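Down below is the structure, laid out as structure tokens.
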Amino acid sequence: MKQKKVAIIMGSQSDWPVMQHATTLLNAFDINYDTAVVSAHRTPSRLYAFASQATEHYSVIIAGAGGAAHLPGMTAALTCLPVIAVPVTSKALNGIDSLLSIVQMPKGVAVSTQAIGEPGAYNAGLMAVQILATSDAELQSRLEAWRQQQTDTVPNEVE
Ligand SMILES: Nc1c(C(=O)O)ncn1[C@@H]1O[C@H](COP(=O)(O)O)[C@@H](O)[C@H]1O
């Protein structure tokens, strides 16, 4: 079975400096992805069109937004694909607003929320790889080798 792509969507072009970190591990593992600006607030029809077609093209969606970050939750409401959310660092409240508006989803609609900002975007890419690896043995073994390499780089002693 051919692996479907990952979608990386974000509420604004201004989210890209954070969201680009979601591509680090997708690139490292040769996983195809698309990127798009989609906003629940500013482009609701675009969000509806994207989410209603998403299962045809994608296996996983990474959604980043800042401030009143309704994009991940609204995306999850419109598709049964796994949605990995990145709370983008905001100017006024450093991303606490983004985090809180993403993480408290009502029971019955799930979003996998990552950490605020760059580490969260990086881990969103990692989580996407981990999800894809559950149905791809070759990817799973590359992921395990990557994890071992990371473990091996952690020094034992304090200098
Ligand atoms: N949170 C959302 C949504 C949404 O959730 O639909 N759409 C845009 N935004 C956010 O507004 C912030 C400021 O956007 P601008 O920089 O374009 O003014 C961005 O972090 C974006 O994710």
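Heads up, the Cβ atoms here are built off N, Cα and C, so glycines get one too.
Any TrEMBL annotation is an automated prediction that lacks curation.
What TrEMBL annotates here:
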{"type": "BINDING", "residues": "SER12, ASP15, ARG42", "note": "substrate binding site"}
{"type": "DOMAIN", "residues": "4-154", "note": "domain 'PurE'"}
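What TrEMBL annotates, mapped onto the structure for a quick look.
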{"residue": "SER12", "record": "substrate binding site", "Cβ neighbours (10 Å)": "18"}
{"residue": "ASP15", "record": "substrate binding site", "Cβ neighbours (10 Å)": "25"}
{"residue": "ARG42", "record": "substrate binding site", "Cβ neighbours (10 Å)": "11"}
Legend entry - DSSP state at ASP15 (substrate binding site), helix/strand/coil: helix
Inset, instruction - Just report the maximum Cα pair distance in Å for the recorded substrate binders SER12, ASP15, ARG42, no decimals. - result: 14
Inset, instruction - For the domain 'PurE' (4-154), would you mind checking the mean pLDDT of the predicted model? - result: 97
